[in-house]
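Take a look at the following structure, please.
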Amino acid sequence: MARSDEDTWDLASSVGATATMVAAARAVASRGPDTLIDDPYADALVRAVGVEYFVKLLDGEITLEADNAAMLAVMTDVMAVRTRFFDDFFLSSGLPQAVILASGLDARTYRLPWPSGSVVYEIDQPEVIEFKTRTLADLGASPAAELRTVAIDLRDDWPRALRDRGFDPTAPTAWIAEGLLIYLPPDAQDRLFDNITALSAPGSRLATEFHPDAGARIGASSQRMAEEWRRHGLDLDMADLFYDGERNPVVDYLRERGWEVEARSRPDMFAHYGRPFPTGEAVEALRQSLAVTATRR
């Protein structure tokens, strides 16, 4: 189903299901002796959501055609590298105030070694926030920093809701927008960064990712995966969840608004973490992605 301005979701449908998919990839990527990440909560969160395909994937009960199996392996590596990039961003920022935008099933507030006195704000739709908070509590997990949830759609007045939860715009803040931009209309992407800029004191830091030509390239590969998923009973076409339209390049947009920006290609990120980047036409869309970090002047 195509997106609309008023659409909503839980963790088993629409954009929410992609959060569960990412958590499943994190769970798989956390296994084995040579892992880049350690997410001890991802497996349990995916099982709690209960999407049969993702549970079977965790249990090794899904047999994919060769091309799609290879793509799944690539995507697992992509999620491992991406997760590690954002983990390292928070760990290196040294800032006691952090915001996770569209937090989904992200468990960083629970699993990272936050400095004493850290406050982490997680923003997502109310049903998503409630589910993750309750499930992790049922697992006996406790946040490693002070957690303040902000249950609101990012298309609404989230800056006000964030301040109402105690956010201090005069304090430098570490922000992440992971796996988010492609699900926003181009104008909403600009508003997101405008709001972040308005809320960021000098010294604030931001990490995100940008996919040039995202809709066309990634949409085509997503449709191939959607056909395979339907064979296994999962009705999810990620191409329907993306917003088309020309976007302002994130690097230029942030620089014009007072940020010092660095960007690294996905192959460079793979090399940085000691992983070979795959070759072939199927991964060309992934090759174009940029890992972006910025510091507010």
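Each Cβ is built from the backbone N, Cα and C atoms, and glycine gets one as well.
From Swiss-Prot, for reference:
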- Asp124, Asp153, Leu154: S-adenosyl-L-methionine binding site (BINDING)
By the count of other Cβ atoms within 10 Å, pick out the sparsest of the binding-site residues Asp124, Asp153.
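Counting other Cβ atoms within 10 Å of each of the binding-site residues Asp124, Asp153 gives the minimum at Asp153.
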If the S-adenosyl-L-methionine site is taken as the center of the Cβ atoms of Asp124, Asp153, Leu154, which further residues of that chain fall within 8 Å of it by their Cβ?
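Filtered neighbour residues, in order: Leu101, Ala102, Ile123, Gln125, Ile152, Arg155, Asp156, Trp158.
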Once near-sequence residues are set aside, which residues in the chain of Leu154 (S-adenosyl-L-methionine binding site), 6 or more away, have Cβ atoms under 8 Å from its Cβ?
Leu101, Ala102, Ile123, Leu180, Leu184, Ala188, Leu192
Any idea of the Cα spread of the S-adenosyl-L-methionine site, Asp124, Asp153, Leu154, as a max distance in Å?
7
